[in-house]
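> Please see the structure below; I have some questions.
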Amino acid sequence: MSCCFPKCRKSKREDRYKVKEEDSAPAPPEVRVDPPEPVFSWDKRENVDLSHYTVANIHGESHKREGNTKDAMQIENCSEASVFLLKTTASLTIDDCRDCLLILGPCSGSVFIRDCTNCIILTACQQLRLRDCHNVKIAILCPTQPIIENSDDIHFHPLALFYEDFKNQMCESGLSLFTNRVKTAHDFTPEGNRKNFLMHGGFVSIDEKYLEVMTKENISVETAKSSLPVFKPPSVTKKELPIFIYSIRETDESRDDFSERICTFTEILKDVQDLNLLDSYDIETKNIDKSILPVDGSYDNIILFEMVGELSKLQEVCKENFDIFKVLDESKMEQVTKLLKAHRAKND
């Protein structure tokens, strides 16, 4: 007997729960997601407090800045002030200062002085430039020749300076206590026969009001306290024939130890009468033609002192002080001349 209803088929379970394509909801529109923008290191830099790198608007008072970092610094818009920047710098710019005393720690790069008038500046640096300056006295130690532009009444003096960390800071800055090329300056804007700068053999004179403040800060410009050599003014000694003495740094001797030995001898020379130091040269021998070295052997540095005085007395002083320095034989003078010429050319 046949059934009057059509036979129902059993469907598979998965088919019973399957949604037909025509009945399904429309797919949502595709959302485009842009890739994240690249982030560079300079975009993540934190806000910088520029006051750490600037000394500004000091008027009629004293300001001291110290620190252990070697930064690019700026001194600007100061008047009738004494500013003591007793730290190393990578570079230093001085703008718009009037009637100021500026004592600056060693700079491993350039010191650039602009638009300054009636200032006294003490500095040891790799390079010095002045522009638009008037009546500025500079006590300086620098291995390169200073440059001036649109400036007049500029006076250069040898540097004598002491404060507690000065000698260590000189080493940190890569500056030698015994090389000073400030014998003349290069003037980009000379005016006929008029000379816009003068070189002085004597030390710069500092007003008593500044000296009192310096004493309170344990800063001195007395030659007896300074680690720097004391030179005899050339005008006094120009007729005397120079004698060269030398000291070499052995390959196993540190730069600091070598410097200490030389400082010991310079202190002794300050107290010796009738022996005068004309000049000093700290020369690295690594890239020097060995044929022009006046002393045989293997060494990293040679320091030459150009002296005037009685030869026998100089020999005696050297011998009494453990031969830290030795007198160079006259037969080596041709090599010395070539060596100093190469040394000056390297630093100019």
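Heads up, the Cβ atoms here are built off N, Cα and C, so glycines get one too.
What TrEMBL says about a protein is an automatic prediction, not a curated fact.
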> Write down the single range among 16-36, 58-78, 184-204 that appears in TrEMBL as region 'Disordered'.
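Based on what TrEMBL states, region 'Disordered' spans 16-36.
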> Compute the mean position of the Cβ atoms of Gly109, Ser110, Gln126, Gln127, Leu128, Arg129, which form the recorded GTP site, and then list in sequence order the other residues of that chain whose Cβ is within 8 Å of it.
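For the GTP site, the extra neighbours are Ser91, Cys107, Val111, Phe112, Cys125, Cys142, Thr144.
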> Most Cβ neighbours within 10 Å: which of the binding-site residues Gln126, Gln127 is it?
Gln126
> So what's the average pLDDT for the domain 'C-CAP/cofactor C-like' (35-190)?
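In the predicted model, the domain 'C-CAP/cofactor C-like' (35-190) has a mean pLDDT of 93.
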